[in-house]
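Below is the structure I would like to discuss, written out as structure tokens.
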Amino acid sequence: MKFAYRFSNLLGAVYRQGNLSFSKDGNAVISPVGNRVSVFDLKNNTSETFPISTTKNITCVGVSPDGSLAIVVDEDGAALLVSLITRAVLHHFHFHKPVSSIRFSPDGRKFVVTKQNVALMYHAPGKQREFNAFVLDKSYYGPYDETTCIDWTDDSKCFVVGSKDMSTWVFGAERWANLIYYSLGGHKDIIVGCFFEKDSLDLYTVSQDGALCVWESDTELDGLVLKKSLDKPEPVRQEGGEEEEDEDRAEGEEVEVIRGKAELPKDKNKVKNVRYKHRSKHFFNKEAEFNNLTTAAYHKPTHILVTGFASGMFHLHELPEFNLIHSLSISDQRIASVAINSSGDWIAFGCSRMGQLLVWEWQSESYVFKQQGHFNNMASLAYSPDGQYVVTGGDDGKVKVWNTNSGLCFVTFIEHTSSVTNVTFTSSGFVIVSASLDGTVRAFDLHRYRNFRTFTSPRPAQFCSLAVDVSGELVSAGAQDSFEIFLWSMQTGRLLEVLGGHEGPVSSLCFSPVQSILASASWDRTIRLWDMLDSWQVKETLPLTSDGLCVTYRPDGQELAVATLNGEISFWNPQTATQTGSIAGRHDLEVGRKETDKITAKQSAKGKSFTSICYSADGESILAGGHSKFVCIYNVKEQMLVKKFEISCNLSFDAMEEFLDRRKMTEFGSLALVDDGAGDGDGVDISLPGVRRGDMSSRHFKPEIRVSSLRFSPTGRSWAATTTEGLLVYSLDGSLVFDPYDLDLDVTPASIRKQLRLQEWASAIVLAFRLNENALKQEVLEKVPHEQISVVCGSLPDVYVEKLLGFVATCLEKSSHLQFYMTWAQNLLMLHGQRLKNRSASILPTLQSLQKSIQRHFDNLSKLCDFNMYNIRYAAALSKQKGIKRPAEEEEEEHDEGMSEEMSEASIEESEMIL
């Protein structure tokens, strides 16, 4: 069970590319992040990343009208049918070409996919289980260039497709006698958006040059006449598209192909054909030369059109009069996607270059949601002592603090002017220290959210490593250019000492958890142990077989682990300065081959070493990662590999494949060496330094997959890794593993329930923990009467007290029986506090997990209690004004709320006392 970790959440990135979507109720935003999909709950202020991934970056997401299904398509056209309820993949499909947009019909029976110059209409997956979930119904040809956007009428009878050839095509979803297809012009640039009016065939089309055309139809939706089956003409087959159609339909399936022609076919029944009239044309104000219109969305019930521009500005207009309601600049980068929720109150904006996701309430002119990830690589991370927060530092010079419960960033510090190389928390958990290449080490206060200390060196230095001692008084940083270690006082901010002696860059620093000893790793193939109490002298020098890259202490301070350049992890006893073991992980890392490499990954010596290592909370295993897509967990005692985690399968990153792809090789070399400029769209945009707008020399590159930092949570139930993809969090999944303790033939669910019927509570708890099934343990615990909890806690054997305390801490996170489980925790800590304190080192992760759960409930409950008390005082004040006496029920409610808040404070004090 110890290594049953699974992907839990993706932090550090909120949006990359593709279209944003709202959930059916309009309270959640569905955002594509690389090759994953994240959902941001705007009501509860939480985020969740689905445990699914595509092989390339996602370009478009289509959500069904009932909100139960989503179709996710990546850059190559590979599609996943995903259940938004179970978060599971239901079907795989491949469109064989890049897909530009996808849209479900309002009735949920069909969906249209546009790829190249064709629109494909499929039957939507139904409620029953089909063998083939994607059944092609019709193929629509008409545009001469790539299609860009889709919209449906409210009754799902027709849909409209916009194209890069500046034309807009209206198609009938059925074989209407008076509307098979209709082509509209009137624009001088690429069509960005096309929208039907509510319950009408009237159209709005928006182009990239900032022009809006209003089209009026002479026929209502009820005026569409369905062709009879006898009059239905033979399907028209496209000569040039025969091979492409075969790829999109199942074998033996008849697919109708509708192709736009120069003139409409003559109808035998002489039904009046649908005609469009160009009613008006409007233009958006272009403030700059490069201010192109990039995206648009239309809310039919309120007639609100939202348009986003390349300058980061957006406009709100009321149609069809084109009245400007609102105009605001939300970024200095291009707005890539816009979406409006079902009520029309909230508008979501995505900026791909900055990694921003914003939700704006236009009526109150305020932000509902505002998140931005690191728009460059993340370099390091650190958990807070209680495991509730994670701090990350990136190459963009920002320090961000994330809440592990909500998955959202709540504060960003931007004081650094260059890349942040290392971050850490102090033991109090309220101070963050960061080191940067700008030559400063800064300390940030999480109470007032400010930079209260800035540490500098006498000569300019680039700091690449950082450590803070257990007391939080000493701050040390290692320089990569002067080979020195600098020591500062947190209280005064003064430089205490400069430690010299290393003959190479100081790559890593770590303080002992139990002593005032600093360990430093360097490229000079040594580990030096510095005594902070004895005039900062070198206590020991440990020789290494290769350059030292990372050093870390075991949580109890009795062992030291060092990762070196030759791919080894060596273990040392810091008291005797002797090596106790080593792990050769050179071949476990499996470094991938870059596209431009001319040798195989096996022959490449570059990157075959661990750059980040971290002990687990109990010190029994060690986590290691480097310039690879794999993270390895080793057992320290056995010195063997236990499990490998593949952190990403995204082929949009470089160095993902082990072997050379022969399809990308030509007689002149690899196709990866051909620079297609900014038009290929395969990769990440980078611009010249200092250029904010209109960078005509923008180009693309493929980021290389790597793991820059790893950390175990102090609670021991999760670990996190900063990667090219973002901050990945893996949590312990106990539901999939059966791990009994002291199992016997008599230990069965039937015997446990028999003890419950006999009211032998302590015996039932012991048997349940021996069987170790979570559902059964919870059932037994919740059947114990409230007044018997203290008696049961006192009669439990010592070996089960720690297990029960860990289970209570787990249940507190999710259970609604708050007072019940807090009573269990309080009695266990009060009755067994001294014995638990004697083993505090081994049960530290359990206590920290308990403290984290209680603190979260305390924060939520205190807000609710304060809100209720203010309401009661307000009601009491109103009643006094009116001469009405205050009811006794309100006094009792206030008393109950005060009691529950006091119990929360008491439980927190108990756990802190043991800690």
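Cβ from N, Cα, C; glycine included.
Heads up, here are the entries from TrEMBL:
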REPEAT    184-216  repeat 'WD'
REGION    232-252  region 'Disordered'
COMPBIAS  241-252  compositional bias 'Acidic residues'
REPEAT    371-412  repeat 'WD'
REPEAT    413-454  repeat 'WD'
REPEAT    499-532  repeat 'WD'
DOMAIN    772-875  domain 'Small-subunit processome Utp12'
REGION    883-915  region 'Disordered'
COMPBIAS  889-915  compositional bias 'Acidic residues'
Under an 8 Å Cβ to Cβ limit, what residues of the same chain, 6 or more beyond the ends of the repeat 'WD' (184-216), are close to it?
148-155, 158, 160-164, 166-170, 274, 276-286, 291-298, 300-301, 303, 305, 307, 317, 319-320, 322
Six or more residues out from either end of the repeat 'WD' (371-412), which same-chain residues have a Cβ under 8 Å from its Cβ atoms?
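Residues packing against the repeat 'WD' (371-412) from afar: 9, 11-15, 40, 45-49, 353-358, 418-425, 427-429, 432, 434, 436, 438, 442, 444, 446, 449, 703, 706, 708-709, 711-715, 717-718, 720-724, 726-727, 729, 848-849, 851-852, 855-856.
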Summarise the repeat 'WD' (499-532) as counts of helix, strand and coil residues per DSSP.
0 helix, 19 strand, 15 coil
Please count the residues of the repeat 'WD' (371-412) that DSSP assigns to helix (H, G, I), strand (E, B) and coil.
0 helix, 23 strand, 19 coil
Going by DSSP, how much of the domain 'Small-subunit processome Utp12' (772-875) is helix, how much is strand and how much is coil, in residues?
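Output for the domain 'Small-subunit processome Utp12' (772-875) reads 93 helix, 0 strand, 11 coil.
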Could you break down the residues of the repeat 'WD' (184-216) into DSSP helix, strand and coil, giving a count for each?
0 helix, 18 strand, 15 coil
So, by DSSP, how many helix, strand and coil residues make up the repeat 'WD' (413-454)?
0 helix, 24 strand, 18 coil
